[in-house]
Amino acid sequence: MRGSAAAVLASATMLWRTAEAFYLPGVNPQSFEEGDVVKMKVNKMTSQKTLMPVDYYRLPFCAPEGGPKMDNENLGEFLAGDRIESTPYRLKMKTDMYCEQVCISNLGRAEQTGLSPNKVVRAIRRNYHNNWIVDNLNAASKVEDDKTVTTRYWQGFPVGFIAPNSQKAYIHNHVNLEIQYHNVENEVDKYRIVRFTVEPFSLKHEFEPAEDDDDDDKTEDGENVESFKVAEIMNPIRSCNPANKEKKHTTYDMVYARGREPQLASGKVLFTYDVIWTENSSLHWASRWDIYLSMDNAIPAKVHWLSIANSLVIVFVLSAMIAAILVRNLRRDYARYNRLATDEEKAEDLEEFGWKLVHADVFRPPSFSPLLMSVCCGTGVQLLCMAFLTVIFAAMGFLSPANRGSLLMAQLLLYVLMGSVSGYTTARLYKTFKGKSWQKATTCAALGFPGVVFGVFFILDILALTQGSSDAVPFATMVVLLVLWFGISTPLVFFGAYFGYKQDAIEFPVNTSNIPRQIPDQPWFMGIPFTLIVGGILPFGSCFVELYFILSSVWMDQYYYVFGFLLLVFFILIVTCAEITVLFCYFQLCGENYHWWWRSFCTAGSTALYVFGYSFMYFKQLETNAFATYILYFGYMGLASLALFLMTGAVGVFSSLYFNKAIFSSIKID
């Protein structure tokens, strides 16, 4: 076991340089010439209060002529709820714009006591955020007040805000689009976008609709020659006043000058924007995502290294316990069991005691449902391989954040392809248990866990559909999932099972008797409750810090891309589960209890119970009280905990199996 800890340390040393945000860009860079059109797109709106993303155009925002057009999205984007669409915002490379008008939109009735608020007000009170995209780069949010300027590189920017005094909702109807670019090396007059920041303002425009609101100012290709005008602003700030010869961009001081008021989220509202182009020659295109992935160092790498150190301490403590207890005791047991018994010991029947007494029963098939044990272990190994390969590919940089949905799609495809591993493991174990219902076992492996996941997912999808959320997966995507399940995964499970049944059963070093041995009464500390409590707390303690960051990326729209750290924690979790399970298995056998199959599975799998319990603690941070949110959150967390239970449980079973084969092959059995 010391070798396992040493391997973790070696991995930590090797991954030191790659543990932070490293990625391959994944897409070809797009270069622009001065004056080229730069498309701005919008993604779903997200909220930490509802956890239900909604389509951007569900609210009465300005839409492009002819309606918004949706991007071609991959399977991962659909499953993640992404809905990327076009916008009417007109951007041109290196062309600054000053208080450009978009449209006039009627947001609905004003807030009144006793009346239901309009959709925009409800979205603001639910803390929805816009997520805009330029050149496949997410918008950072810039917030300014009298003293500070704060830029945040996750969660987009809010639709509006609630005034602390009046408690009324105000909308951000003006934005400064700050775009940084740099010159392309070895190319003349070519530029690439390296950063995109949005600074939202609430600015009350008093206006009259323009008399000439047609498309006379457009060329044949539909692009504007001059500014697009939909209204005459009666109270323009300096950036919106055409009479000012010296153009200046909108600033905080202009918007919040004396006499200016923010825009209520009701009635007719004029939407405007500035575009500010700035050269940033020091930032390379391939590194433009770094500040997003590190969230501008909001979470220092030191936190992750402290988590790793904490996990390694747990591994060292467990390894020391195993070295002190198992190694010393096993050496003593080997010496005692392998020496010739004296006549005195034979007369008093003292030759055998301890774990050697159960040698004829230790490899007896599980007393409860060998078929279910085989299926659970097969599914657990499938999930283990999927998780390991996903983290490996992500740590190597192949799952670029620029390719939205790639991580989720990689997990799904790897799980499907690992179906052969599940079938092989299930078949080999079930044959070892002398099971006869081979077809039933293989069918359960192919349909069991995927069926549970798909059933819960379908219910949650219907819930999202009733809430009008973009999380609701389209029917065509459901069909694709069913094709992956029944067209690829299920045949692969049967393919793996065919080879598993062709193999010989797992050989054991001792024979099993026909009559089961009676198990003596066990002390309280070897009962199931105690072993579950102790067996799960140490593996959970080795990974709970990274678990917090992973949950934040899933539920709070934060970035998580320190997969080098995650790979180390993953190894530590597996080693910890294996060590704690082997330790309890030894104690159980010393107590002459040979029912270790399910006990080992549950001991290691109890880590998932702590993860599910921790999800209740984490839920308090989301500040949500909607019934649909409870169902959505705990439904998905329940599925994740079930997957972790199967994965760690399989680790526990095979660790104990290897340990038992090793110790019983080292002694003489008469």
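The chain as shown is numbered from 1 upward.
Positions of Cβ are set from backbone N, Cα and C atoms, glycine also.
TrEMBL lists 1-21 with the feature signal peptide. Positions annotated as transmembrane segment by TrEMBL: 305-327, 371-396, 408-430, 442-463, 475-499, 524-551, 563-589, 596-619, 631-659.
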Listed stretch, out of 305-327, 442-463, 524-551, 596-619, that has the most CB pairs under 8 angstroms to the transmembrane segment (371-396): 442-463
Seg_contact(the transmembrane segment (305-327), the transmembrane segment (475-499)) with at least 3 CB pairs under 8 angstroms, min sep 6: no
Selection from 408-430, 524-551, 563-589, 596-619, 631-659, the stretch that has most Cβ pairs under 8 A to the transmembrane segment (442-463): 631-659
Within-chain partners of the transmembrane segment (524-551) [C-beta distance under 8 Å, separation at least 6 from its ends]: 299, 303-304, 306-307, 310-311, 314-315, 318, 558, 560, 562, 565-566, 569, 572-573, 576-577, 580-581, 584, 587-588, 591, 593, 599, 602-611, 614-615, 618, 648
Positions whose Cβ lies under 8 angstroms from the transmembrane segment (631-659), at least six residues beyond its ends: 51-52, 373, 376-381, 383-384, 387, 425, 449, 452-453, 456-457, 459-460, 463-464, 471, 506, 539, 555, 573-574, 577-579, 581-582, 585-586, 596-597, 600-605, 607-609, 611-612, 615, 619, 622, 624
Residue numbers, six or more beyond the limits of the transmembrane segment (475-499), whose CB comes under 8 Å of its CB atoms: 75, 78-79, 412-413, 415-417, 419-427, 438, 441-442, 445-447, 450, 454, 458, 461
